[in-house]
Amino acid sequence: MNTIGILTSGGDAPGMNAAIRAITRVALAKGIKVMGIQRGYNGLINGEIFEMGRDSVSDIIQRGGTVLKTARSEEFRTPEGREKAANMLRIFGIEGLIVLGGDGSFSGAQLLSNEHGIKTIGIPCTIDNDIAYTDFTIGFDTAINTVVEVINKLRDTSASHERVSIIEVMGRRCGDIALHAGIAGGAECVIIPEMNFEFDSLCRSIIETKVLGKLHYIVVVAEGAGKAQDIAERIEKCTGVQARATVPGHIQRGGMPSAFDRLIATKFGATAVEVLVEGKSQRVIGIKDSKIIDIDMNEALSIKKTVDKDLYHLANNLSI
Ligand code: ATP
């Protein structure tokens with residue numbers, strides 16, 4: 001392996017830069033040339049490719065987002081688009097491609113391997129933690145820390161006004177951000193798409209805990225399970241207690257990556273290079289039971305994400 005390429009694709013996630021840095025430095029130390037590809041698969045198709053030196057990744061470990069920029073590419077979904085991408089890889093002499101993104105980006109990498117024989121490795125980056133084969137994706141830990149900070153702030157104002165606060169968090173169809181941040185932030189109720197939820201029980205709990213003297217009541221809802229504003233209106237109507245909705249939105253995707261995200265990003269990046277050097281292809285890197293793993297991309301894509309039901313019940317049993 002003489003030359004590898006790196007691209008970031010799909011939604012950005014804090015920690016992507018730490019992975020780019022690790023890939024670049026580990027590869028250079030092995031005498032491998034590194035090419036950075038800008039704007040995901042779109043940039044690959046358009047030849048937005050440049051050689052990276054050790055200085056290209058200086059001072060980025062602490063920065064959120066991705067210095068390579070990211071994009072979604074409709075053209076890459078077509079066989080013609082992937083053919084153009086494969087040609088670009090050939091022109092620039094790139095033998096192995098490391099793709100940082102979510103499962104969509106991995107599907108694209110798999111097709112590129114199958115159709116054009118390019119060696120590809122995937123690194124899971126998404127704040128949603130919705131990729132089943134790995135316990136954690138890069139960006140998730142930073143996102144839950146951001147949400148916990150929001151909950152801490154809402155707690156103050158919620159307690160002062162004796163209001164219910166509903167916070168709607170990201171995650172699409174995955175409830176991990178809501179569940180983990182809800183527990184860490186001490187929320188009274190967590191609503192996620194994977195589990196049924198009874199609105200009447202929530203209202204009863206709000207009334208009962210108010211009678212017991214609780215000053216605040218924090219509800220964390222995953223975006224795939226409902227809208228904070230709708231829930232706030234329904235709570236007010238049903239209980240007579242004031243309720244306010246907060247949607248932190250895209251701030252969950254930004255910010256300085258946590259130490260944990262930087263650490264796994266560095267380990268994932270280094271492992272990706274090692275796996276490519278071993279001559280493997282269509283592998284994805286992850287972490288399982290605290291061990292760094294690499295598994296077959298096809299197998300990884302077929303595993304269905306499930307929610308930790310014990311954690312969910314624990315979250316909702318703590319509001320007594
Ligand atoms: P996120 O979790 O942040 O959404 P993702 O990698 O799942 O990340 P997608 O938008 O699904 O995000 O995919 C990113 C890009 O990967 C797409 O814009 C497209 O170029 C490519 N891609 C996704 N799915 C496929 C597919 N089935 N075939 C070919 N290319 C794909």
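Backbone N, Cα and C define each Cβ position, glycine as well.
Listed in TrEMBL for this protein:
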ACT_SITE  D128  active site, proton acceptor
BINDING   G11, R72, S73, G102, D103, G104, S105  ATP binding site
BINDING   R21, A22, I23, T24, R25, R155, G186, A187, E188, K214, L215, H216  ADP binding site
BINDING   D103  Mg(2+) binding site
BINDING   T126, I127, D128, R163, M170, G171, R172, E223, R244, H250, I251, Q252, R253  substrate binding site
DOMAIN    4-276  domain 'Phosphofructokinase'
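Of all Cβ atoms in the protein chains displayed, 27 besides its own lie within 10 Å of the Cβ of S105 (ATP binding site). If you compare every pair of Cα atoms in R21, A22, I23, T24, R25, R155, G186, A187, E188, K214, L215, H216, the residues listed for ADP, the longest distance is 53 angstrom. Sequence-distant contacts of R25 (ADP binding site), defined by Cβ-Cβ distance under 8 angstroms and a gap of at least six in the same chain, are R54, V57. One way to see the shell of the ATP site is to take the Cβ centroid of G11, R72, S73, G102, D103, G104, S105; the remaining same-chain residues with a Cβ within 8 Å of it are S9, G10, G40, G101, G108. Separation of the C-alpha atoms of G102 (ATP binding site) and L215 (ADP binding site): 40 Å, rounded to the nearest whole number. Sorting the binding-site residues G11, G104 by the number of other Cβ atoms within 10 Å puts G11 first. Counting every protein chain shown, the Cβ of I251 (substrate binding site) has 14 other Cβ atoms within 10 Å. Note: the CA-CA distance between R244 (substrate binding site) and G186 (ADP binding site) rounds to 17 Å.
R72 (ATP binding site) is 17 Å away from D128 (active site, proton acceptor) when you measure Cα to Cα.
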